[in-house]
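Asks: Before anything else, here's the structure in question.
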Amino acid sequence: MIKKNNLLTKKKPIANKSNKYAIRKFTVGTASIVIGAALLFGLGHNEAKAEENTVQDVKDSNMDDELSDSNDQSSNEEKNDVINNSQSINTDDDNQIKKEETNSNDAIENRSKDITQSTTNVDENEATFLQKTPQDNTQLKEEVVKEPSSVESSNSSMDTAQQPSHTTINSEASIQTSDNEENSRVSDFANSKIIESNTESNKEENTIEQPNKVREDSITSQPSSYKNIDEKISNQDELLNLPINEYENKVRPLSTTSAQPSSKRVTVNQLAAEQGSNVNHLIKVTDQSITEGYDDSDGIIKAHDAENLIYDVTFEVDDKVKSGDTMTVNIDKNTVPSDLTDSFAIPKIKDNSGEIIATGTYDNTNKQITYTFTDYVDKYENIKAHLKLTSYIDKSKVPNNNTKLDVEYKTALSSVNKTITVEYQKPNENRTANLQSMFTNIDTKNHTVEQTIYINPLRYSAKETNVNISGNGDEGSTIIDDSTIIKVYKVGDNQNLPDSNRIYDYSEYEDVTNDDYAQLGNNNDVNINFGNIDSPYIIKVISKYDPNKDDYTTIQQTVTMQTTINEYTGEFRTASYDNTIAFSTSSGQGQGDLPPEKTYKIGDYVWEDVDKDGIQNTNDNEKPLSNVLVTLTYPDGTSKSVRTDEEGKYQFDGLKNGLTYKITFETPEGYTPTLKHSGTNPALDSEGNSVWVTINGQDDMTIDSGFYQTPKYSLGNYVWYDTNKDGIQGDDEKGISGVKVTLKDENGNIISTTTTDENGKYQFDNLNSGNYIVHFDKPSGMTQTTTDSGDDDEQDADGEEVHVTITDHDDFSIDNGYYDDDSDSDSDSDSDSDDSDSDSDSDSDSDSDSDSDSDSDSDSDSDSDSDSDSDSDSDSDSGLDNSSDKNTKDKLPDTGANEDHDSKGTLLGALFAGLGALLLGKRRKNRKNKN
């Protein structure tokens with residue numbers, strides 16, 4: 001017998017291959033609301049981060065692909081030839097299988113009538129072709145010895161020494177969940193777990209009479225403890241009604257994720273409304289990823305090793321979602337929730353306290369889950385959810401090895417993709433002995449399992465081929481008797497076997513089922529003697545199991561192929577497969593439900609603190625505040641929110657001892673948080689906007705918060721006509737009406753606009769403390785007066801745009817003044833000289849009216865406010881031109897006055913007028929600079 005390494009090493013040919021399924025019973029894990037629900041169709045594996053994920057948003061909320069259910073197959077119409085213990089069954093010539101030891105090929109021919117695809121349902125009218133006979137020593141003569149801790153196989157021949165022994169032990173880590181630790185994993189929605197394992201072994205023998213041999217099996221220890229069992233399971237039949245998914249006996253711990261119970265076990269505490277709308281547009285996906293079931297993240301999904309795909313998605317539920325509304329989640333079209341059965345149920349989404357947020361149903365055609373929200377969404381706000389979805393390769397869609405897929409998962413309108421390659425294992429071979437097998441279905445209603453076996457898939461010339469199917473395993477058993485259904489199909493020369501080891505249409509192959517070469521053994525087994533073959537064959541075995549057996553914990557069935565290598569010496573080789581479905585429950589199973597874990601509450605009161613002292617009930621006018629949003633944040637970062645009732649009360653239930661939670665109070669509009677931690681009584685003080693609370697074995701109903709109404713303030717005040725242009729309001733100066741005044745925030749955004757009244761007054765009310773900008777629009781035809789004149793801020797002008805800060809008080813000091821643009825008289829003085837050009841507008845109090853021509857080298861540009869009417873025009877290019885200019889003037893009439901005296905008077909008046917204009921011009925220039 002050849003000893004080979006376990007599947008994990010893959011350094012040498014595999015001695016034993018096994019498919020194992022296991023059911024684990026433990027509680028539905030809770031998710032926070034932020035919910036986390038682990039959506040686990042099948043067995044969960046260790047989590048690994050996605051290697052290459054591409055997230056994209058799509059608008060279509062429905063899957064376009066229509067996929068058929070690969071498991072809806074029936075074999076109720078199949079007919080089997082029968083051989084009973086007490087009688088033989090006549091068959092036609094077409095269904096005879098004649099065995100000739102000297103012929104290299106069997107004449108195995110049979111035409112199957114009305115073949116349909118099989119399931120594990122057993123027709124009560126269907127009989128088997130098995131006949132119980134004494135064990136023939138010339139057939140398979142290996143005796144299996146059970147060893148709990150190791151497995152061995154040996155290879156011996158007349159000229160070959162025995163190979164060294166190898167031992168393979170696979171163990172599963174215990175699954176325990178501490179309720180006191182902060183668990184970022186949102187949920188362990190786990191009610192059961194099913195593991196499938198394949199074990200293959202090769203044996204070489206050189207003698208007909210053999211000593212006992214030990215078949216190499218993979219030994220797997222099962223988890224011994226799970227917490228929080230939520231229902232009593234009285235027998236294995238109930239366990240089998242839980243979902244079933246492939247697994248195998250690789251050496252690695254089991255994840256705490258699992259499959260879900262069957263739909264008949266699903267109950268809803270709060271049923272959603274019957275009517276609702278699809279609200280995918282109100283679901284915001286914040287994170288999603290696809291990871292491989294094993295930790296290698298190599299992009300290869302080992303489908304025969306039950307490696308799965310894990311879809312994680314975190315999303316937020318809009319507060320507009322109501323009870324009865326629905327959202328959708330799509331798994332990839334090339335995957336299935338379970339590879340063994342349709343008896344799975346979608347887990348309910350719950351928060352950490354156990355309240356149900358949504359319930360789900362699955363549409364296999366569209367590969368779509370529809371979640372219906374309960375009235376939970378009507379009670380709570382800011383709901384966040386997390387789903388963990390586990391699925392397996394749909395072998396009906398992916399029959400070939402090394403198939404590359406671009407898988408896509410989608411929640412609501414957001415999808416994520418990942419590229420993977422599907423890998424199937426190769427047959428177990430030992431010289432000409434070569435085979436592979438898998439459990440392909442389990443029927444928990446009729447208590448049957450279906451095993452699909454490939455015999456000689458490599459098309460070797462196999463001499464004296466004998467196949468033994470045994471229900472006696474090291475870890476479990478099936479029932480091989482006259483109720484066992486066995487069908488045999490021959491694969492034609494031009495036909496290929498699917499690499500997936502799954503047959504969905506047996507009618508494509510030649511049915512060669514015959515009773516002559518199949519005989520029941522004495523040890524819960526059956527032998528099928530094929531003789532000499534060189535074609536592949538398919539064996540479909542449907543056998544029963546006993547779910548009520550006291551020590552029944554697993555289903556295991558073994559198939560062994562033996563071929564003769566040397567007809568003269570009797571040397572032969574064997575290759576074996578073990579297929580296992582293991583059932584185990586947590587400790588305490590059968591003793592009733594574990595008592596529920598004690599949980600605690602946090603509350604309690606939000607009030608209006610009229611006297612702003614931070615202590616409740618110190619003022620008769622203090623009252624509760626309703627509709628205040630209060631948020632509880634769990635240790636894992638998830639959260640949920642409620643609003644205070646009409647009495648100002650709030651409460652969060654279902655909180656665990658020893659954990660620390662954060663309570664946050666939203667400040668109501670128009671209110672300000674009061675003082676924190678005032679006084680000596682923590683039950684009457686205020687915690688402020690947020691506080692961390694640790695549960696220490698009791699409820700904490702002292703988490704209160706007080707608020708007082710935020711005072712409102714006003715801003716103004718006056719725009720006046722500054723007749724004296726001094727920038728200070730005078731008693732006789734009047735207000736200007738109709739001036740536009742704009743109030744802005746500190747960023748320049750307009751808050752409000754008003755106009756001054758008939759008295760020049762304006763006012764903005766209901767303002768909070770803060771920074772503001774006041775802008776005055778200058779009236780048409782008026783000029784801004786001097787700003788910030790004098791020492792009284794309430795009497796001066798503040799200018800066109802004023803920055804104002806309000807701090808707990810009104811501000812009625814924001815004023816502005818204007819005067820008319822045309823209040824100045826005209827006085828023009830133009831002077832041209834060699835050195836200067838001067839324009840002078842002067843108003844003086846002089847009553848003179850004179851014209852004079854003068855020479856001037858002054859540089860001046862002046863305006864005066866004198867009231868005289870005096871025009872002085874002087875054009876001078878040089879001193880030589882003065883006499884010439886004077887001569888061109890018309891003479892004045894003779895008034896009888898002294899000519900010299902008049903000339904001197906005129907000259908003196910002109911000098912005074914020029915001096916006055918110069919002084920007044922300088923004054924105006926200074927005022928302009930000041931303005």
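Just so you know, the numbers here start at 1 and follow the chain as drawn.
Every residue, even glycine, has its Cβ placed from backbone N, Cα and C.
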Asks: Looking at 292-296, 442-446, 647-651, 892-896, I want to know which stretch Swiss-Prot calls motif 'LPXTG sorting signal'.
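Replies: Motif 'LPXTG sorting signal', as annotated by Swiss-Prot, spans 892-896.
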Asks: From 577-588, 661-672, 697-708, which range did Swiss-Prot mark with region 'Interaction with human fibrinogen'?
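Replies: Going through 577-588, 661-672, 697-708 one by one, Swiss-Prot flags 577-588 as region 'Interaction with human fibrinogen'.
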Asks: For the compositional bias 'Basic and acidic residues' (800-812), give the DSSP counts of helix residues, strand residues and coil residues.
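Replies: Grouping H, G, I as helix and E, B as strand yields 0 helix, 7 strand, 6 coil.
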Asks: Which residue counts does DSSP yield for the compositional bias 'Acidic residues' (789-799) in the helix, strand and coil classes, in that order?
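Replies: Output for the compositional bias 'Acidic residues' (789-799) reads 0 helix, 1 strand, 10 coil.
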Asks: Return the average pLDDT for the motif 'LPXTG sorting signal' (892-896) as a whole number.
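Replies: Overall, the motif 'LPXTG sorting signal' (892-896) comes to a mean pLDDT of 46.
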Asks: Would you count the other C-beta atoms found within 10 angstroms of the C-beta of E292 (Ca(2+) binding site) for me?
Replies: 25
